[in-house]
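Below: one structure in C-alpha cells.
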Amino acid sequence: MNTPTQSFRAKAAIFSLLLLSCMQCHAQLSATFYDNTCPNALNTIRTSVRQAISSERRMAASLIRLHFHDCFVQGCDASILLDETPSIESEKTALPNLGSARGFGIIEDAKREVEKICPGVVSCADILTVAARDASAAVGGPSWTVKLGRRDSTTASKTLAETDLPGPFDPLNRLISSFASKGLSTRDMVALSGAHTIGQAQCFLFRDRIYSNGTDIDAGFASTRRRQCPQEGENGNLAPLDLVTPNQFDNNYFKNLIQKKGLLQSDQVLFNGGSTDNIVSEYSNSARAFSSDFAAAMIKMGDISPLSGQNGIIRKVCGSVN
C-alpha cells in the first residue's frame, strides 16, 4: 500500500509528464521546423503568393482573411480548405465564407510546388500561415517570423464556422468577447481589424449602414457608397474597405474610422465612443505602432490550437484528406 508521500510523488510525476508533454507540443512550432527537411519551402511559397498578388492585388486581402477564418474554427489546421464530401461538411459553405472566401487555388498551387521538392513534408496549415505573412509584405504591410510545424486536420466544421467567426454587424462587446475566446486581447482585435486597410466588401454587407442616415457615418461617404450599392439588388457589388488607399497596407483604415468612414458596421464600432477609441486614435497617428501590433497579433493568431507532433496529418492535396 502506498504511503501518502509515495502517492504525492506519483501524482507529482504524472503532473510533470503532462506539463512536459504540453510544453513539447508548443515547442514543436518553430521557425526552423523545415530547415533540414524542406529548406526551400518558404521561398517556394513566397514565389506563388507574389505571382498571385501581382496578377490581382486584392488577393493579398483574401489570403489574410482565409488564414483568419481558418484559425478561428478548430484552430490553424487548414480545415477551411477541405472540400465537401459525404463525411465532411465543408466550412467553405458556411455563411461567413460562402461566395466570399477566396484564395483556395493559390494555396493549392503553392502546395503543388512544395510537393515537387519535398513530398509529404509541409502541411497546408503552414502554407496558409506563411502565405498570409507573405501577402501582407507584398502590399507594403509588415512581415514577421512564422512559427512552423502545424499539421492538417482530417475534419472541418461548418457549424463552428457559423458560430465562431465574428460578423460584419457585430457590436463592439461581441467582437471583444469573440476574440477573447481565442486568446486574443482587445488590442489584438483592433490591430487585426486593420487588415481591412486592403480588400473589398459586398454591397449587402454594408447597405443598411449607408442608408441608415445614422450619426456614426459621414454623409458624403455614405452618398458616395450608394452609387455602387442601390437599396435593392446588386448584392454582390464590391466596394473597397479603405476608399483612400485600397491596395496599400497602411494605417488609413484607422484615419477613416475617425472620420466616420468605416465601411462595415463592425469597422465603425471600433471608434464610436467605446473602449477601443484610444487604440484607433493611436494607430491613426502611428503607422509604426499599427504595423508592429498587427504582426504580433498575427503571430498570436497563428498559435491558436495547432495540431502538431502525431496529431493530424500532412495532406497531399489541401482540399481533401489523404
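For all residues, glycine too, the Cβ spot is worked out from N, Cα and C.
Straight from Swiss-Prot, here's the annotation block:
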| type | residues | note |
| --- | --- | --- |
| MOD_RES | GLN28 | pyrrolidone carboxylic acid |
| DISULFID | CYS38-CYS118 | disulfide bond |
| BINDING | ASP70, VAL73, GLY75, ASP77, SER79 | Ca(2+) 1 binding site |
| DISULFID | CYS71-CYS76 | disulfide bond |
| DISULFID | CYS124-CYS318 | disulfide bond |
| BINDING | PRO166 | substrate binding site |
| DISULFID | CYS203-CYS229 | disulfide bond |
| CARBOHYD | ASN213 | N-linked glycosylation site |
Taking DSSP three-state, what's CYS71 (disulfide bond) in: helix, strand or coil?
helix
Once near-sequence residues are set aside, which residues in the chain of ASP70 (Ca(2+) 1 binding site), 6 or more away, have Cβ atoms under 8 Å from its Cβ?
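Listed in sequence order, they are CYS76, ASP77, ALA78, SER79, ILE80, LEU81, ALA125, LEU128.
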Here's one to test understanding: among the recorded positions GLN28, VAL73, CYS124, whose C-alpha is closest in space to the C-alpha of ASN213 (N-linked glycosylation site)?
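Result for ASN213 (N-linked glycosylation site): the nearest of the recorded positions is VAL73.
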For CYS71 (disulfide bond) and the residue listed as 'substrate binding site', what Cα-Cα distance in Å is obtained after rounding to a whole number?
12
Please identify which of GLN28, SER79, ASN213 has the densest Cβ environment, defined as other Cβ atoms within 10 Å, among these recorded positions.
SER79
Name the one residue among VAL73, GLY75, PRO166 whose Cα is closest in three-dimensional space to that of the residue listed as 'pyrrolidone carboxylic acid'; these are the binding-site residues.
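Comparing Cα positions, the candidate nearest the residue listed as 'pyrrolidone carboxylic acid' turns out to be GLY75.
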Return the member of VAL73, CYS203, CYS229 nearest to CYS118 (disulfide bond) in space, with distance defined Cα to Cα and candidates limited to these recorded positions.
VAL73
